[in-house]
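Enquirer: I'd like to ask you about the structure that follows.
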Amino acid sequence: MEITLFDPIDAHLHVRENALLKAVLGYSSEPFSAAVIMPNLSKPLIDTPTTLEYEEEILNHSSNFKPLMSLYFNDGLTLEELQCAKEKGVRFLKLYPKGMTTNAQNGTSDLLGEKTLEVLENAQKLGFILCIHAEQTGFCLDKEFLCHSVLETFALSFPKLKIIIEHLSDWRSIALIEKHDNLYATLTLHHISMTLDDLLGGSLNPHCFCKPLIKTKKDQERLLSLALKAHPKISFGSDSAPHFISKKHSANIPAGIFSAPILLPALCELFEKHNALENLQAFISDNAKTIYGLENLPSKKARLSKKPFMIPTHTLCLNEKIAILRGGETLSWNLQEIA
């Protein structure tokens, strides 16, 4: 059995920087046609020049791949700055509530503040797409739910602004997407295939720790259902986020799951298991093209066959190891060729 996926798109990707970027980028740039690149670096991408420098770094270490760049939402994003970014091809804003995830210490503290709303108004005028890490301070399993009032305010106040709830993790958010025409979402492999049991049901597994947290069986099943039917307001976004094992095994574990090396085979296995392989093309590419208005992307054909694939336990960077999701397991699908 074989399947060919055309122009796979990852609508949420972390490729880090410097040596780590060189070590992990190929896992995404080779099989994927394009990816929305996250701006939460150690020095956030808060303006157009730094964003373009990072884009150049990615392009210098990849080929036939389109990085879709995003700006780190901040109060300094004036109308002039946004116009400059748009002229240079930057179409995405990423809003991080302050302190909610990795490198979000410079995030937005007042989500409904005057300055935040002013930036959003300008973003709407210029046709930007807003991607949001939709969590608010509160009990860890309710953080996304607690952000619903903010999301509703954004959706109603800026009806022409496309708003993406990144890495949807709570089944209660589904109703919001179906209620508001301008609300969309991305789904990760881990949120549609894993639950809290994978993180802490046995021994604590730091390599399954991410934000937003993987949640209950009900959440996983409801979100998986959206993916399997390729809901038209949902696109695939891996949120693949590599960290060194030395940091993952520390007393202060960073959030992030490195899933890039297994994405296409694992999705094939999951969709075949649920008799939904015919919908994988829409989930992995077609929906994103429609939602984000993507055209003239590099052409890619990823051919996968139903043959065993033993997942490596890790990859290397500067003699440090980076653990790969489900490392040591065997998938029933294998990526055979990229053309």
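Cβ coordinates come from backbone N, Cα and C, glycine included.
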Enquirer: For the Zn(2+) 2 site that Swiss-Prot lists with Lys94, His167, give the additional residue from the candidates His61, His133, His207.
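Expert: Checking His61, His133, His207 against Swiss-Prot: the Zn(2+) 2 site match is His133.
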Enquirer: Ala123, Ala230, Ala251, Ala255: which one does Swiss-Prot list with His14, Val15, Arg16, Asn40, His133, His243 for the substrate site?
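Expert: Among the candidates, Swiss-Prot records only Ala255 at this substrate site.
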Enquirer: Determine which of Asp219, Asp239 appears in Swiss-Prot for the same Zn(2+) 1 site as His12, His14, Lys94.
Expert: Asp239
Enquirer: Under a three-state reading of DSSP, tell me whether Asn40 (substrate binding site) is helix, strand or coil.
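Expert: Its secondary structure by DSSP: coil.
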Enquirer: I need the CA-to-CA distance for Val15 (substrate binding site) versus Lys94 (Zn(2+) 1 binding site), whole Å please.
Expert: 15
Enquirer: Apart from Lys94, His133, His167, which residues in this chain have a Cβ no more than 8 Å from the mean position of the Cβ atoms of those residues at the Zn(2+) 2 site?
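Expert: Residues close to the Zn(2+) 2 site, other than Lys94, His133, His167: His12, Met38, Leu95, Tyr96, Thr101, Cys131, Ile132, Ala134, Glu166, Asp239.
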Enquirer: Helix, strand or coil at His12 (Zn(2+) 1 binding site), per DSSP?
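Expert: His12 (Zn(2+) 1 binding site) sits in a strand per DSSP.
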Enquirer: CA-CA, which of the binding-site residues His12, His14, His167 lies nearest His243 (substrate binding site)?
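Expert: Spatially nearest to His243 (substrate binding site) by Cα position is His14.
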